[in-house]
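What TrEMBL records for this protein:
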type	residues	note
BINDING	C:Asn6, C:Leu7, C:Lys8, C:Ile138, C:Gly173, C:Ala194, C:Ser195	substrate binding site
ACT_SITE	C:His85	active site, electrophile
ACT_SITE	C:Glu133	active site, proton acceptor
Number of protein chains: 4
Amino acid sequence: MFILVNLKAYDCNPVAVAAAAADVAEETGARIAVAPQAARISAVAATGVETWAQHVSPVEHGSHTGSTHAAAVERTGAVGTLLNHSENRQKLADIDASLNGAESEGLETVVCANNPDQIAAATALDPDAVAVEPPELIGGDESVATADPDIVTDAVEAAGSVDEGVDVFCGAGIATGEDVAAARDLGADGVLLASGVALADDPEAVLRDLVSPL
Amino acid sequence: MFILVNLKAYDCNPVAVAAAAADVAEETGARIAVAPQAARISAVAATGVETWAQHVSPVEHGSHTGSTHAAAVERTGAVGTLLNHSENRQKLADIDASLNGAESEGLETVVCANNPDQIAAATALDPDAVAVEPPELIGGDESVATADPDIVTDAVEAAGSVDEGVDVFCGAGIATGEDVAAARDLGADGVLLASGVALADDPEAVLRDLVSPL
Amino acid sequence: MFILVNLKAYDCNPVAVAAAAADVAEETGARIAVAPQAARISAVAATGVETWAQHVSPVEHGSHTGSTHAAAVERTGAVGTLLNHSENRQKLADIDASLNGAESEGLETVVCANNPDQIAAATALDPDAVAVEPPELIGGDESVATADPDIVTDAVEAAGSVDEGVDVFCGAGIATGEDVAAARDLGADGVLLASGVALADDPEAVLRDLVSPL
Amino acid sequence: MFILVNLKAYDCNPVAVAAAAADVAEETGARIAVAPQAARISAVAATGVETWAQHVSPVEHGSHTGSTHAAAVERTGAVGTLLNHSENRQKLADIDASLNGAESEGLETVVCANNPDQIAAATALDPDAVAVEPPELIGGDESVATADPDIVTDAVEAAGSVDEGVDVFCGAGIATGEDVAAARDLGADGVLLASGVALADDPEAVLRDLVSPL
């Protein structure tokens, strides 16, 4: 199971969260990555944690002011990127172009989507993984794996019907090791977390709990 | 073969083009539809031609100022809609929502896309048809079916790998019956046209030529 | 005072609302306009009511699939258009281009904005009027003129500081003649309404009440 | 005169350009800033050069995946930000929100716009400066100050008619000290540059020439 912690634009200390994640990953052997704001990638990567971007723009090198170019995040230490997060929905053509940009820089890719139909569509674009996050559960108190287990199994089936080789993650409301185990048992290959870790009083304790069933 | 004439925001007489299309369709038995600006749907539909919308918004009834609601275009005479045209690219989640809105009003749907990967993704959202239009050929002098025949056969294959039941159209540069026949021979179930008919001196003559091989 | 009734994408009978507005306007001499979905403009205009578009696209004639071209709405009977409604926020450059498109077709223009600073900015683009609608009050039970009177007077002042010749409207929560009178007393030249009329059991009765203080 | 070098998503070495700019600024006393990709802000700021962001998102702290939060760029060393660049046009309401976000973090702000009307609108939002860049001249061989001097003087007048306290910059095609002097003589308080410096064989030589008339 891959644990991907999205720091969004939270008012948190990204380096402290990253250091905690690096420690827990090293001690437990679990795969944990942290996705900070683009401006913080170099500081987060310096902790040794696996570092991801939250987004890369659908552009090649050139005149693209305000973009987040795949090369810039890769050069500063990112090894993967989220795309099409529900807080940053992209045009279909732009997801395709962002994937091409990310892949040309060797970044691993996870395309998010709302529901199994969109998961199938995202899978057809051939990312490394897709992630289903029901928008109504994001930031909530109940885990997607218990609140809506069918959406996870349906997403796994939808992705598999298009391409068996694309991993499936799930996210929304995941906060404990029990939630991670439930997601795994539903067929997920990873989970997306955000506030549950980023805004925790003790991110390291949360992370230890999250990976405990693995 | 389905002939879909997109009037875009051209400076043309939509009713005259529609009347010509209605005449040619009736006389030849060919299926020809015309997609005008939303404001012109009722006038175009009054000619008796099969009438389509150029787009419907990803919204249900409610507070959506400036939207193009599926019910509004259906009530005024449209029986289908284009979605995600290269001049009106939509977010993946919005294509899904626009499809749901269109289908709930009984509209036939065609989702456009740039390339075979995006065609596969669009097919996964389960529209009635998908349409491949290479952006670099749109509005040009050479037909997609001769300039880039592989993109048509690749699109047919990509769609078929996801769902055999979804039709595949192609567009860009199609101007003559020969182009329509070439598209058909590559496996397309229909063609999208625009300026070649809408801005022709004699749209009826162009349409007669277009359907001549059918 | 100008009474502009925005039908959004409501599940209402636009022709019935328009007919009621036409009757009340004729009997009372009040200026009342109705802004339906683009597809319904011709049917609404046929009632004789002053008809507006909810939006026009920032484009000239040409290849703009899915746009709402100013000429198309003007040809079907619209005499004005809203722009930049809070449900359809536009880029600054696109408000400017939409204004140019609307004006070249002789459409009257109202640019909406959230707050006095944005009202001043909108005024600088030289529309016929600007309209302040606090997003948090739209669709609510309390009128902007009583819930936040300062925003109306501040908007009037902000617009006037840039160009005295641009009218100022207000909207959000307006439902009664008392609300209209309050808006007028704060310096507004018109009001925007939506659900209060469009979804009323008896739109004509609501409209008669709205114009009663005028 | 303020010289702001926008590195866009160019395939250049941002640290080398920044180091050159830092050297020239120190030696000549000219004010030169460099705006890299967000991911490169910390590396660029480490050279000692005045560092700007190319954009900040219209968001506060919270759930905004893929955003460029003002705090993140400020914490990594940026002291200012461009907004609404022609390659990154923003909604009017979002320019306002981005300005609020930038100002709350103490960032200096420059809002770009296409023409004098939009410059007046941008000025009404009360940034520190506005910048006029005619889109058709961006990336071209001729300086805005010689190709279209009226747009600069009109922008200065438009901004001044709204608020005398907002500086006016210009950009597009500026490549030499002569161009900078011409911009200054037209009333500009600064210039925006991009490829002329970022993609130069010898950025330091270009910068020395640019500041030579100051």
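Just so it is clear, glycine is given a Cβ too, placed from its N, Cα and C backbone atoms.
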| query | Taking only the recorded positions C:Leu7, C:Lys8, C:His85, C:Ala194, C:Ser195, which one has a CA atom nearest to the CA atom of the residue listed as 'active site, proton acceptor'? | reply | C:His85
| request: Would you kindly give the Cα-Cα distance separating C:His85 (active site, electrophile) and C:Ala194 (substrate binding site), rounded to the nearest Å? | output: 12
| field | Close in space, distant in sequence - C:Ser195 (substrate binding site), Cβ under 8 Å, 6 or more apart | value | C:Lys8, C:Tyr10, C:Gly139
| message | My list of recorded positions is C:Leu7, C:His85, C:Glu133, C:Gly173; which of them have a Cβ under 8 Å from any chain B Cβ, in sequence order? | response | C:His85
| In angstrom units, rounded to an integer, how far apart are the Cα atoms of C:Ile138 (substrate binding site) and the residue listed as 'active site, electrophile'? | 11
| request: Would you mind listing, in sequence order, the residues at least six apart from the residue listed as 'active site, electrophile' in the same chain with a Cβ closer than 8 Å to its Cβ? | output: C:Asn6, C:Gln54, C:His55, C:Cys112, C:Glu133
| message | Can you tell me whether DSSP puts C:Ser195 (substrate binding site) in helix, strand or coil? | response | helix
| task | Output, ordered by sequence, the same-chain residues six or more apart from C:Gly173 (substrate binding site) with a CB under 8 Å from its CB, or 'none'. | result | C:Leu137, C:Ile138, C:Gly139, C:Gly140, C:Asp141, C:Glu142, C:Ser143, C:Val144, C:Ala147, C:Asp179
| query | Just going by other Cβ atoms within 10 Å, which of the binding-site residues C:Leu7, C:Ile138 has the emptiest spot? | reply | C:Ile138
| remark: Here the 10 Å Cβ neighbour count for C:Lys8 (substrate binding site) comes out at 26
| For the substrate site made of C:Asn6, C:Leu7, C:Lys8, C:Ile138, C:Gly173, C:Ala194, C:Ser195, how many Å separate the two farthest Cα atoms? | 15
